[in-house]
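Following: one structure in C-alpha coordinates, then a few remarks.
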Amino acid sequence: MRKSIIRGVGRYLPEKVVTNFDLEKMMDTSDQWIRERTGIEERRFADVENGETTSYIGAQAAKKALDMAGLKPSDIDFIIFATLSPDYFFPGSGCLLQEHLELFGIGAMDIRNQCTGFVYGLATADQFIKAGMYNNILVVGAEVHSSGLNMTTEGRDVAVLFGDGAGAVVVSAHEDNDGRGILSNHLHADGRFARELWVESPGSRYRPYVSEEILKSGKVYPKMNGRYVFKHAVTRFPEVILEALEAAGEKIENVDLVIPHQANQRITEAVQMRLGLPKEKVFSNIHKYGNTTAASIPIAMSEALEQGLIKEGNLICLASFGSGFTWASSLIRW
Ligand code: UT7
(Lines of atoms letter the chains of each structure in order from A; the text may use other names.)
(Lines give C-alpha, C1' and ligand atoms only; values in the text may rest on other atoms or scores of the structure.)
Protein backbone atom coordinates (compact mmCIF):
# COMPACT_ATOMS: atom_id res chain seq x y z
CA MET A 1 0.00 0.00 0.00
CA ARG A 2 1.21 3.48 -0.91
CA LYS A 3 2.27 5.44 2.17
CA SER A 4 3.89 8.78 2.93
CA ILE A 5 7.23 9.17 4.62
CA ILE A 6 9.02 12.23 5.88
CA ARG A 7 12.07 12.23 3.67
CA GLY A 8 13.65 15.51 4.71
CA VAL A 9 13.41 17.93 7.62
CA GLY A 10 14.91 21.42 8.00
CA ARG A 11 14.72 24.46 10.23
CA TYR A 12 15.68 28.10 10.16
CA LEU A 13 15.87 30.37 13.19
CA PRO A 14 16.59 34.08 12.81
CA GLU A 15 19.94 35.03 14.35
CA LYS A 16 18.63 37.73 16.69
CA VAL A 17 18.25 36.31 20.21
CA VAL A 18 15.89 38.14 22.59
CA THR A 19 16.34 37.04 26.19
CA ASN A 20 13.89 37.42 29.05
CA PHE A 21 16.24 40.10 30.38
CA ASP A 22 15.82 42.03 27.11
CA LEU A 23 12.04 41.89 27.63
CA GLU A 24 12.45 43.26 31.17
CA LYS A 25 13.66 46.48 29.54
CA MET A 26 10.50 46.78 27.42
CA MET A 27 7.74 45.85 29.87
CA ASP A 28 6.99 45.07 33.50
CA THR A 29 8.03 41.42 33.53
CA SER A 30 10.88 39.34 34.91
CA ASP A 31 13.11 36.51 33.83
CA GLN A 32 11.95 34.62 36.91
CA TRP A 33 8.23 34.98 36.07
CA ILE A 34 8.70 33.88 32.46
CA ARG A 35 11.01 30.99 33.35
CA GLU A 36 8.85 29.65 36.19
CA ARG A 37 5.54 29.91 34.32
CA THR A 38 6.68 28.80 30.87
CA GLY A 39 10.26 27.45 30.84
CA ILE A 40 11.19 30.02 28.18
CA GLU A 41 14.63 31.64 28.48
CA GLU A 42 14.97 33.28 25.10
CA ARG A 43 13.38 33.49 21.66
CA ARG A 44 14.39 34.70 18.18
CA PHE A 45 13.08 37.79 16.41
CA ALA A 46 13.27 38.08 12.62
CA ASP A 47 14.92 41.00 10.87
CA VAL A 48 11.80 41.76 8.82
CA GLU A 49 13.09 45.16 7.68
CA ASN A 50 15.91 43.36 5.87
CA GLY A 51 13.75 40.72 4.25
CA GLU A 52 13.51 38.05 6.94
CA THR A 53 9.78 37.57 6.32
CA THR A 54 7.62 34.54 7.05
CA SER A 55 7.90 33.26 3.48
CA TYR A 56 11.67 33.89 3.45
CA ILE A 57 12.39 31.97 6.66
CA GLY A 58 10.00 29.23 5.50
CA ALA A 59 12.02 28.97 2.28
CA GLN A 60 15.31 28.69 4.19
CA ALA A 61 13.90 25.79 6.24
CA ALA A 62 12.50 24.25 3.05
CA LYS A 63 15.93 24.36 1.35
CA LYS A 64 17.42 22.39 4.25
CA ALA A 65 14.59 19.85 4.13
CA LEU A 66 15.18 19.45 0.38
CA ASP A 67 18.93 18.95 0.98
CA MET A 68 18.26 16.21 3.52
CA ALA A 69 15.80 14.56 1.13
CA GLY A 70 18.34 14.76 -1.70
CA LEU A 71 15.79 16.58 -3.87
CA LYS A 72 15.76 19.79 -5.92
CA PRO A 73 12.94 22.36 -5.72
CA SER A 74 11.79 21.15 -9.16
CA ASP A 75 11.10 17.68 -7.66
CA ILE A 76 8.34 19.17 -5.48
CA ASP A 77 4.75 18.75 -6.74
CA PHE A 78 2.84 20.83 -4.19
CA ILE A 79 3.39 23.34 -1.36
CA ILE A 80 1.50 23.50 1.92
CA PHE A 81 2.36 26.51 4.09
CA ALA A 82 1.06 26.72 7.65
CA THR A 83 1.22 30.10 9.36
CA LEU A 84 -0.86 32.53 11.37
CA SER A 85 1.54 35.36 10.57
CA PRO A 86 1.64 35.49 6.75
CA ASP A 87 3.72 38.20 5.02
CA TYR A 88 0.48 39.79 3.76
CA PHE A 89 -3.24 39.43 4.40
CA PHE A 90 -3.28 37.83 0.94
CA PRO A 91 -1.93 36.10 -1.13
CA GLY A 92 -0.76 33.26 1.06
CA SER A 93 2.86 32.77 2.03
CA GLY A 94 2.90 29.50 0.03
CA CYS A 95 2.72 31.56 -3.18
CA LEU A 96 5.48 33.88 -1.92
CA LEU A 97 7.63 30.88 -0.98
CA GLN A 98 7.73 30.07 -4.70
CA GLU A 99 9.64 33.30 -5.33
CA HIS A 100 12.36 32.32 -2.85
CA LEU A 101 12.68 28.78 -4.20
CA GLU A 102 12.19 29.82 -7.86
CA LEU A 103 9.59 27.14 -8.09
CA PHE A 104 6.67 28.44 -10.09
CA GLY A 105 3.51 26.82 -11.41
CA ILE A 106 2.84 24.06 -8.89
CA GLY A 107 -0.07 24.34 -6.45
CA ALA A 108 0.44 26.22 -3.19
CA MET A 109 -1.97 26.24 -0.29
CA ASP A 110 -1.88 28.13 2.99
CA ILE A 111 -3.24 26.62 6.17
CA ARG A 112 -4.35 28.94 8.96
CA ASN A 113 -4.80 26.60 11.87
CA GLN A 114 -2.45 28.30 14.28
CA CYS A 115 -0.47 25.98 16.59
CA THR A 116 -2.05 22.96 14.92
CA GLY A 117 -1.34 24.20 11.39
CA PHE A 118 1.67 21.99 10.79
CA VAL A 119 -0.12 18.77 11.77
CA TYR A 120 -3.13 19.77 9.61
CA GLY A 121 -0.67 20.40 6.77
CA LEU A 122 1.09 17.08 7.25
CA ALA A 123 -2.26 15.24 7.31
CA THR A 124 -3.29 16.99 4.08
CA ALA A 125 0.00 16.08 2.40
CA ASP A 126 -0.39 12.48 3.57
CA GLN A 127 -3.85 12.23 1.98
CA PHE A 128 -2.74 13.79 -1.34
CA ILE A 129 0.11 11.29 -1.50
CA LYS A 130 -1.95 8.26 -0.50
CA ALA A 131 -4.55 9.23 -3.13
CA GLY A 132 -1.77 9.16 -5.75
CA MET A 133 -2.16 12.83 -6.66
CA TYR A 134 1.39 13.91 -5.76
CA ASN A 135 4.75 12.27 -4.97
CA ASN A 136 6.72 14.98 -3.12
CA ILE A 137 5.07 17.69 -1.04
CA LEU A 138 6.73 20.47 0.88
CA VAL A 139 5.03 21.19 4.20
CA VAL A 140 6.27 24.38 5.84
CA GLY A 141 5.44 25.89 9.23
CA ALA A 142 6.77 29.41 9.69
CA GLU A 143 5.96 32.37 11.91
CA VAL A 144 7.08 35.93 12.39
CA HIS A 145 5.23 36.78 15.58
CA SER A 146 7.51 39.64 16.57
CA SER A 147 5.80 42.05 14.12
CA GLY A 148 2.43 41.53 15.77
CA LEU A 149 3.02 41.48 19.52
CA ASN A 150 2.22 44.26 21.95
CA MET A 151 5.67 44.67 23.51
CA THR A 152 4.43 46.80 26.39
CA THR A 153 3.22 45.85 29.88
CA GLU A 154 -0.34 45.78 28.53
CA GLY A 155 0.54 42.92 26.19
CA ARG A 156 3.01 41.09 28.44
CA ASP A 157 0.90 37.99 29.13
CA VAL A 158 1.12 37.06 25.44
CA ALA A 159 4.24 38.90 24.24
CA VAL A 160 6.68 36.96 26.41
CA LEU A 161 5.50 33.61 25.05
CA PHE A 162 6.07 33.87 21.31
CA GLY A 163 9.08 33.76 19.01
CA ASP A 164 9.90 33.60 15.30
CA GLY A 165 11.15 30.59 13.37
CA ALA A 166 10.51 28.12 10.59
CA GLY A 167 10.55 24.39 10.03
CA ALA A 168 9.81 22.33 6.94
CA VAL A 169 9.49 18.74 5.82
CA VAL A 170 9.44 16.96 2.49
CA VAL A 171 6.71 14.33 2.49
CA SER A 172 7.25 11.67 -0.18
CA ALA A 173 5.46 8.62 -1.51
CA HIS A 174 6.76 5.32 -0.14
CA GLU A 175 5.80 2.09 -1.87
CA ASP A 176 7.89 -0.40 0.16
CA ASN A 177 5.94 -2.61 2.51
CA ASP A 178 8.41 -2.14 5.39
CA GLY A 179 5.98 -0.63 7.91
CA ARG A 180 7.47 2.86 7.61
CA GLY A 181 5.27 5.87 7.02
CA ILE A 182 2.62 8.16 8.46
CA LEU A 183 0.24 5.72 10.16
CA SER A 184 -2.64 8.06 10.96
CA ASN A 185 -3.67 11.67 11.55
CA HIS A 186 -6.34 12.97 13.89
CA LEU A 187 -7.68 16.48 13.41
CA HIS A 188 -10.04 18.33 15.73
CA ALA A 189 -11.49 21.79 16.24
CA ASP A 190 -14.06 23.38 18.54
CA GLY A 191 -15.07 26.86 17.43
CA ARG A 192 -16.98 27.57 20.62
CA PHE A 193 -13.60 28.58 22.02
CA ALA A 194 -12.53 30.74 19.06
CA ARG A 195 -12.35 33.91 21.13
CA GLU A 196 -10.25 32.45 23.96
CA LEU A 197 -7.07 32.89 21.88
CA TRP A 198 -7.36 35.21 18.89
CA VAL A 199 -6.45 38.32 16.98
CA GLU A 200 -9.60 40.23 16.16
CA SER A 201 -8.33 42.58 13.47
CA PRO A 202 -7.57 42.89 10.59
CA GLY A 203 -10.62 41.00 9.40
CA SER A 204 -13.69 41.53 7.27
CA ARG A 205 -15.80 41.64 10.43
CA TYR A 206 -14.83 45.34 10.52
CA ARG A 207 -15.26 47.88 7.76
CA PRO A 208 -12.58 48.83 6.94
CA TYR A 209 -10.42 45.93 8.14
CA VAL A 210 -8.31 48.29 10.22
CA SER A 211 -9.05 51.84 11.36
CA GLU A 212 -7.58 54.37 13.72
CA GLU A 213 -10.21 53.32 16.27
CA ILE A 214 -9.31 49.61 15.96
CA LEU A 215 -5.63 50.40 16.33
CA LYS A 216 -6.35 52.38 19.50
CA SER A 217 -8.50 49.58 20.93
CA GLY A 218 -5.61 47.10 20.69
CA LYS A 219 -7.69 44.61 18.66
CA VAL A 220 -4.72 44.05 16.34
CA TYR A 221 -2.83 42.26 19.13
CA PRO A 222 -3.30 38.62 20.15
CA LYS A 223 -5.48 38.08 23.23
CA MET A 224 -5.49 34.93 25.29
CA ASN A 225 -7.40 33.61 28.25
CA GLY A 226 -4.21 31.92 29.46
CA ARG A 227 -5.54 29.76 32.29
CA TYR A 228 -8.48 28.55 30.22
CA VAL A 229 -6.21 27.63 27.30
CA PHE A 230 -3.83 25.87 29.68
CA LYS A 231 -6.61 23.71 31.17
CA HIS A 232 -7.86 22.62 27.75
CA ALA A 233 -4.33 21.98 26.49
CA VAL A 234 -3.37 19.56 29.26
CA THR A 235 -6.53 17.50 28.53
CA ARG A 236 -6.50 17.60 24.73
CA PHE A 237 -2.80 16.75 24.25
CA PRO A 238 -2.96 13.35 26.02
CA GLU A 239 -6.40 12.63 24.53
CA VAL A 240 -5.29 13.12 20.93
CA ILE A 241 -2.04 11.18 21.48
CA LEU A 242 -3.97 8.23 22.90
CA GLU A 243 -6.45 8.48 20.01
CA ALA A 244 -3.58 8.04 17.53
CA LEU A 245 -2.17 5.08 19.46
CA GLU A 246 -5.54 3.38 19.65
CA ALA A 247 -6.06 3.78 15.88
CA ALA A 248 -2.72 2.05 15.27
CA GLY A 249 -3.23 -0.60 17.96
CA GLU A 250 -0.09 0.63 19.72
CA LYS A 251 0.64 1.15 23.41
CA ILE A 252 2.10 4.29 24.94
CA GLU A 253 5.20 2.37 26.10
CA ASN A 254 6.00 1.58 22.44
CA VAL A 255 6.33 5.25 21.54
CA ASP A 256 9.97 6.27 21.10
CA LEU A 257 9.41 10.02 21.07
CA VAL A 258 6.48 12.40 21.50
CA ILE A 259 7.05 15.74 19.81
CA PRO A 260 4.46 18.12 21.21
CA HIS A 261 3.84 21.63 19.99
CA GLN A 262 6.00 23.81 22.23
CA ALA A 263 3.45 25.99 24.05
CA ASN A 264 4.68 25.93 27.63
CA GLN A 265 7.13 23.67 29.48
CA ARG A 266 4.51 23.21 32.22
CA ILE A 267 2.03 21.91 29.65
CA THR A 268 4.65 19.56 28.19
CA GLU A 269 5.48 18.20 31.67
CA ALA A 270 1.80 17.77 32.58
CA VAL A 271 1.26 15.80 29.34
CA GLN A 272 4.34 13.66 30.01
CA MET A 273 3.11 12.85 33.54
CA ARG A 274 -0.48 12.15 32.47
CA LEU A 275 0.80 9.70 29.87
CA GLY A 276 3.25 8.14 32.34
CA LEU A 277 6.17 8.72 29.99
CA PRO A 278 9.77 9.27 31.06
CA LYS A 279 10.99 12.86 30.54
CA GLU A 280 13.42 11.91 27.77
CA LYS A 281 10.58 10.58 25.60
CA VAL A 282 8.90 13.99 25.32
CA PHE A 283 10.90 16.48 23.28
CA SER A 284 11.36 20.03 24.50
CA ASN A 285 13.25 23.04 23.18
CA ILE A 286 10.90 25.83 24.30
CA HIS A 287 13.64 27.35 26.47
CA LYS A 288 15.48 28.47 23.31
CA TYR A 289 12.68 29.59 21.00
CA GLY A 290 9.46 30.19 22.96
CA ASN A 291 6.23 29.30 21.19
CA THR A 292 6.73 29.40 17.41
CA THR A 293 3.19 28.16 16.68
CA ALA A 294 3.02 26.35 13.30
CA ALA A 295 6.82 26.13 13.20
CA SER A 296 7.41 24.51 16.57
CA ILE A 297 6.88 20.85 15.61
CA PRO A 298 9.05 20.83 12.45
CA ILE A 299 11.78 22.80 14.27
CA ALA A 300 11.64 20.26 17.10
CA MET A 301 11.70 17.33 14.63
CA SER A 302 14.76 18.76 12.95
CA GLU A 303 16.61 19.15 16.28
CA ALA A 304 15.49 15.72 17.54
CA LEU A 305 16.88 14.13 14.36
CA GLU A 306 20.17 15.96 14.76
CA GLN A 307 20.41 14.80 18.39
CA GLY A 308 19.90 11.18 17.32
CA LEU A 309 16.55 10.96 19.11
CA ILE A 310 14.73 9.78 15.97
CA LYS A 311 15.99 6.66 14.22
CA GLU A 312 14.61 4.58 11.38
CA GLY A 313 11.86 2.29 12.63
CA ASN A 314 11.03 4.50 15.65
CA LEU A 315 7.43 5.24 16.58
CA ILE A 316 7.05 9.04 16.71
CA CYS A 317 3.94 10.89 17.81
CA LEU A 318 3.37 14.56 16.93
CA ALA A 319 0.68 16.41 18.85
CA SER A 320 -0.60 19.93 19.01
CA PHE A 321 -3.19 22.18 20.60
CA GLY A 322 -3.96 25.83 20.08
CA SER A 323 -6.21 28.64 18.91
CA GLY A 324 -9.53 27.66 17.41
CA PHE A 325 -9.47 25.67 19.62
CA THR A 326 -7.78 23.13 17.36
CA TRP A 327 -5.88 20.01 18.32
CA ALA A 328 -4.34 17.20 16.31
CA SER A 329 -1.88 14.33 16.21
CA SER A 330 0.08 12.27 13.71
CA LEU A 331 1.62 8.89 14.40
CA ILE A 332 4.65 8.03 12.29
CA ARG A 333 6.72 4.87 11.89
CA TRP A 334 9.96 6.63 10.94
O1 UT7 B 1 0.28 27.72 21.76
C2 UT7 B 1 -1.06 28.05 21.96
C3 UT7 B 1 -1.51 27.58 23.24
N4 UT7 B 1 -1.12 28.47 24.30
C5 UT7 B 1 -0.94 27.96 25.48
O6 UT7 B 1 -1.01 26.77 25.62
C7 UT7 B 1 -0.70 28.89 26.66
C8 UT7 B 1 -1.48 28.39 27.85
N9 UT7 B 1 -1.40 29.23 29.01
C10 UT7 B 1 -0.26 29.40 29.73
O11 UT7 B 1 0.76 28.87 29.35
C12 UT7 B 1 -0.30 30.22 31.01
O13 UT7 B 1 -1.64 30.48 31.34
C14 UT7 B 1 0.51 31.53 30.95
C15 UT7 B 1 1.99 31.23 30.89
C16 UT7 B 1 0.12 32.32 29.71
C17 UT7 B 1 0.24 32.40 32.17
O18 UT7 B 1 0.52 31.68 33.35
P19 UT7 B 1 -0.54 31.68 34.56
O20 UT7 B 1 0.07 30.94 35.65
O21 UT7 B 1 -1.83 31.17 34.00
O22 UT7 B 1 -0.63 33.22 34.96
P23 UT7 B 1 -1.89 34.21 34.95
O24 UT7 B 1 -2.30 34.54 33.56
O25 UT7 B 1 -2.93 33.68 35.86
O26 UT7 B 1 -1.24 35.48 35.62
C27 UT7 B 1 -0.73 35.46 36.95
C28 UT7 B 1 -0.21 36.85 37.27
C29 UT7 B 1 -1.22 37.96 37.00
O30 UT7 B 1 -1.10 38.91 38.03
P31 UT7 B 1 -2.12 38.95 39.28
O32 UT7 B 1 -3.47 39.11 38.67
O33 UT7 B 1 -1.95 37.60 39.94
O34 UT7 B 1 -1.64 40.10 40.08
C35 UT7 B 1 -0.75 38.56 35.70
O36 UT7 B 1 -1.10 39.91 35.55
O37 UT7 B 1 0.94 37.16 36.48
C38 UT7 B 1 0.75 38.41 35.83
N39 UT7 B 1 1.44 38.37 34.54
C40 UT7 B 1 2.75 38.64 34.39
N41 UT7 B 1 3.69 39.03 35.26
C42 UT7 B 1 4.93 39.22 34.79
C43 UT7 B 1 0.95 37.99 33.33
N44 UT7 B 1 1.91 38.04 32.41
C45 UT7 B 1 3.04 38.43 33.04
C46 UT7 B 1 4.36 38.66 32.60
N47 UT7 B 1 5.27 39.04 33.51
N48 UT7 B 1 4.74 38.47 31.32
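A Cβ is built for glycine as well, from the same backbone N, Cα and C atoms used for every other residue.
If you check TrEMBL, you get these features:
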- 109-191: domain 'Beta-ketoacyl-[acyl-carrier-protein] synthase III N-terminal' (DOMAIN)
- Cys115: active site (ACT_SITE)
- 245-334: domain 'Beta-ketoacyl-[acyl-carrier-protein] synthase III C-terminal' (DOMAIN)
- His261: active site (ACT_SITE)
- 262-266: region 'ACP-binding' (REGION)
- Asn291: active site (ACT_SITE)
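Across the domain 'Beta-ketoacyl-[acyl-carrier-protein] synthase III C-terminal' (245-334), DSSP helix (H, G, I), strand (E, B) and coil residues number 39 helix, 22 strand, 29 coil.
Its Cβ taken as reference, Asn291 (active site) is surrounded by 24 other Cβ atoms within 10 Å in the chains shown. In the three-state DSSP scheme, Cys115 (active site) is classed as helix. When the alpha carbons of His261 (active site) and Asn291 (active site) are compared, the span between them is 8 angstrom.
Remark: secondary structure over the domain 'Beta-ketoacyl-[acyl-carrier-protein] synthase III N-terminal' (109-191) totals 28 helix, 31 strand, 24 coil, with classes taken from DSSP.
Cβ-based neighbour count (10 Å, all protein chains) for Cys115 (active site) stands at 32.
Counting every protein chain shown, the Cβ of His261 (active site) has 32 other Cβ atoms within 10 Å. Between the C-alpha atoms of Cys115 (active site) and Asn291 (active site), the distance comes to 9 Å.
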